[in-house]
């Protein structure tokens, strides 16, 4: 590769905002690599990182509180453009000689800011024009404090009636502050604001493209593993599928995938995985049929957490057994992605993103004799999907709805039995097929059937029957943190219900789950 796609990079210092990952994603959508680091990076680390631009995120603290976080001095000494967002603007103002105070009017939600003066950041950007011909922007606010006096060298960029200084700039130094959140989709011109900042003001080249990312990842994998053999646990999910396709292109037959069929997969999923990777792409895949083992270990277990642990531990047991049969494997590949890395790394101050244990970071058995290769660890999920398409994976596979690690094990309430799994597989397949036929599959974020271990009376012809209940679940969400139930058309639900009851002998009733998250979770267990 002639150009280093990481050389053009934007550093995002995180002050604890819930939107920080969105900032990184927006910058990358513009075509420039960005990374999130905790706000307490040292001056030396920042200079060594050598960013083309720096963004200071929002955060929950108050600049007016004594011990609240500040940006490292190097941020303002490096000579690169700086954009402060919300808290980031406030700490920039305070550190450079301005004043911040708590506001009597807190602004949360939609607002309209009036653009003041000329600035490279807002050039030719507007949503509306006011009666005086001034440019107005529709934005998203979320703040209690506000800047009441700008540093002497700054000019006013934007204002609202309750926040007279909603944006400020020191054009000569290329320092900018905005009180609103351009990273949130409710700020309609957010992408253009970031384009101006990153491409025009900072002069970054848009090298961060799917084709370049694939080429760079292949180079790095080859350099790292050399002629060694690599092992990958292939689940059929998006992340592991993209890793398989990427590694196969990079190192060919040095890769062996182990696909553990636990008997808790969707209808024909195991065969589809084998057809796609082994048959069509020529990837070496070992299929371990472990349905009987998983079901025997789950016998009599009702507690969801216990089921998850048993399924996870049994997977490792089967994977280890298959791995032991392979000779001279040195590397274990994993589908770790960037949000996993962020969640598992927190600054010593605890102001960065919350630490939580994640299945792909640090959850490996202590005695595993492999070194790790994680080719997706810099990428967000939407980027993983894009490079999946770049690698030639089918759209329907890359944009398939999320499926839980324990599979149908957490969609069968209570004890897992083969009879229940078989019924659920059929019901789920009918639901998904009809969603696709009605062009509703990609309008929902996640849709699936749930097996309820309760019996209900039904009538077929003249005969009374007493059979199981299936619940359908479909939700719409942006981030999976909150979700609303999908308002599917009644005729579609009627068709799905009729098919399930008529085509599956063990089901007498179909219900539709109309619970939103919160308070309900998306999965039932």
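The chain as shown is numbered from 1 upward.
Placed from the backbone N, Cα and C atoms, the Cβ positions cover glycine too.
According to Swiss-Prot, the protein has these features:
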DOMAIN    9-207  domain 'Glutamine amidotransferase type-1'
ACT_SITE  86  active site, nucleophile
ACT_SITE  181  active site
ACT_SITE  183  active site
DOMAIN    208-400  domain 'GMPS ATP-PPase'
BINDING   235, 236, 237, 238, 239, 240, 241  ATP binding site
### Task
Check residue 240 (ATP binding site) against DSSP and tell me helix, strand or coil, would you?
helix
### Query
What count of other C-beta atoms do you get within 10 angstroms of the C-beta of residue 241 (ATP binding site), across all chains shown?
25
### Query
Distance between residue 237 (ATP binding site) and residue 183 (active site) at the Cα atoms, whole Å?
28
### Query
Using Cα coordinates, what distance in whole Å links residue 236 (ATP binding site) and residue 183 (active site)?
32
### Task
Between the Cα atoms of residue 239 (ATP binding site) and residue 183 (active site), find the distance and write it as a whole number of Å.
25
### Message
Validating a neighbour-count step here. Other CB atoms within 10 A of the CB of residue 236 (ATP binding site): how many?
### Response
22
### Task
Measure from the Cα of residue 183 (active site) to the Cα of every one of the recorded positions 86, 235, 240, 241, then give the nearest.
86
### Message
Checking your reading of the structure: which of the recorded positions 86, 235, 238, 240, 241 lie inside a 10 Å Cα sphere centred on residue 181 (active site)?
### Response
86
### Query
How many whole Å apart are the CA atoms of residue 235 (ATP binding site) and the residue listed as 'active site, nucleophile'?
41
### Message
Cα-Cα, whole number of Å: residue 241 (ATP binding site) versus the residue listed as 'active site, nucleophile'?
### Response
39
### Query
So around the ATP site, 235, 236, 237, 238, 239, 240, 241 aside, which residues have their CB within 8 A of the centroid of those CB atoms?
234, 242, 243, 244, 335
### Query
Ranked by the number of other Cβ atoms within 10 Å of their own Cβ, which of the recorded positions 183, 239 ranks first?
183
